[in-house]
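S.K.: Quick one: structure below, then a few questions.
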Amino acid sequence: MSFLEEFQANLDSLPVILQKKYALLRDLDKSLQDVQRQNEQRCEQEIEDIRRGVRSGNITPDTSVIRFSDEALDEQKHSIRIADEKVALAVQTYDLVDTHIQQLDQYLKKFDEELRRERENAATPRVPASGHDGHTKSGRGSEGGRGGRKKASQTTVVPAAAATEAQTTTANPTGVEIDLPVDPNEPTYCLCNQVSYGEMVACDNNDCKIEWFHFGCVGLKEKPKGKWFCPNCAATRNRRKGK
């Protein structure tokens, strides 16, 4: 049972419990009023009897010996006990409601934390998981080796850790070698001889020894239009044309 379900279950029983406690409070209040009314009448009668006794001389007007009857005193003590019982019941009722309020505060706090985590996750930037065609690709690849050309519709999945590396590439597009943690078995590419990260472009020379290049290392900011040759292959093609 979740915290919310448990809270709702306890909350469903709260009105019935409060109703019983309020009914008991009303009964105690009625009993207290009856005892107080009876005691007031008794005390008024005894005071009147004392006055008549003093006037007639049957009672000495000495305040040290004049007192209410034991019945009147017992009624007053009984009134105090009922009043104390009312106070105790009112405190219990207050504590019961306060406990539910604290439980609700805890639930709202947990709910607010969950919402905050969801907003943080939603605000986290995501790195594209694959290239749109065989000419470019995104992120660090997971190819098993260097041999052969990549297929025309290749899709390269980007691990979550590559997001930080992609941000580093964006902040440093100058082609300067970046010190990245490299798996010794992971293939390397580009003029910088680094592993695959960020946006990369493929050379259109099928005999290119390097094949893939980082945008920043070859001075690109976006995917080239048409055929694209790396600096080495482009120089070779120009020399052949010159002959």
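Placed from the backbone N, Cα and C atoms, the Cβ positions cover glycine too.
For reference, TrEMBL lists these features for the protein:
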- Cys190, Cys192, His214, Cys217: Zn(2+) 1 binding site (BINDING)
- Cys203, Cys208, Cys230, Cys233: Zn(2+) 2 binding site (BINDING)
- 153-170: compositional bias 'Low complexity' (COMPBIAS)
- 187-236: domain 'PHD-type' (DOMAIN)
- 117-170: region 'Disordered' (REGION)
- Tyr189: site 'Histone H3K4me3 binding' (SITE)
- Met200: site 'Histone H3K4me3 binding' (SITE)
- Asp204: site 'Histone H3K4me3 binding' (SITE)
- Trp212: site 'Histone H3K4me3 binding' (SITE)
S.K.: Hey, of Tyr189, Met200, Cys203, Asp204, Cys208, Cys233, which of those recorded positions are within 10 Å of His214 (Zn(2+) 1 binding site), Cα to Cα?
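M.R.: So the list reads Tyr189, Met200.
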S.K.: Just checking the recorded positions Tyr189, Cys192, Trp212, Cys217: which sit within 10 A of Cys203 (Zn(2+) 2 binding site), CA to CA?
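M.R.: Taking Tyr189, Cys192, Trp212, Cys217 one by one, the ones whose Cα falls within 10 Å of Cys203 (Zn(2+) 2 binding site) are Trp212.
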S.K.: Whole-number Å only: compute the distance from the Cα of Tyr189 (site 'Histone H3K4me3 binding') to the Cα of Cys217 (Zn(2+) 1 binding site).
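M.R.: Just about 11 Å between their Cα atoms.
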S.K.: Given the recorded positions Met200, Asp204, Cys233, find the one whose Cα is closest in space to the Cα of Cys217 (Zn(2+) 1 binding site).
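M.R.: Comparing Cα positions, the closest of these recorded positions turns out to be Met200.
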S.K.: To the nearest whole angstrom, state the Cα distance for the pair Met200 (site 'Histone H3K4me3 binding') and Trp212 (site 'Histone H3K4me3 binding').
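M.R.: Cα of Met200 (site 'Histone H3K4me3 binding') to Cα of Trp212 (site 'Histone H3K4me3 binding') measures 6 Å after rounding.
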S.K.: Should any of the recorded positions Cys190, Cys192, Asp204, Trp212 have a Cα within 10 Å of the Cα of Cys233 (Zn(2+) 2 binding site), which are they?
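M.R.: Within 10 Å of Cys233 (Zn(2+) 2 binding site): Asp204.
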S.K.: Using Cys190 (Zn(2+) 1 binding site) as the reference point, find which of the recorded positions Asp204, Cys208, Trp212, Cys230 has the shortest Cα-to-Cα distance to it.
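M.R.: Among Asp204, Cys208, Trp212, Cys230, Trp212.
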S.K.: Per DSSP, how many helix, strand and coil residues does the domain 'PHD-type' (187-236) have?
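M.R.: Split by secondary structure, the domain 'PHD-type' (187-236) comes out as 9 helix, 9 strand, 32 coil.
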S.K.: Cα-Cα, whole number of Å: Trp212 (site 'Histone H3K4me3 binding') versus Cys230 (Zn(2+) 2 binding site)?
M.R.: 9
S.K.: Suppose we draw a 10 Å sphere around the Cβ of Cys190 (Zn(2+) 1 binding site). How many other Cβ atoms does it contain, all chains included?
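M.R.: Excluding its own Cβ, Cys190 (Zn(2+) 1 binding site) sees 23 Cβ atoms within 10 Å.
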S.K.: Restricting to the domain 'PHD-type' (187-236), what is the model's mean pLDDT?
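M.R.: The predicted confidence over the domain 'PHD-type' (187-236), as a mean pLDDT, is 89.
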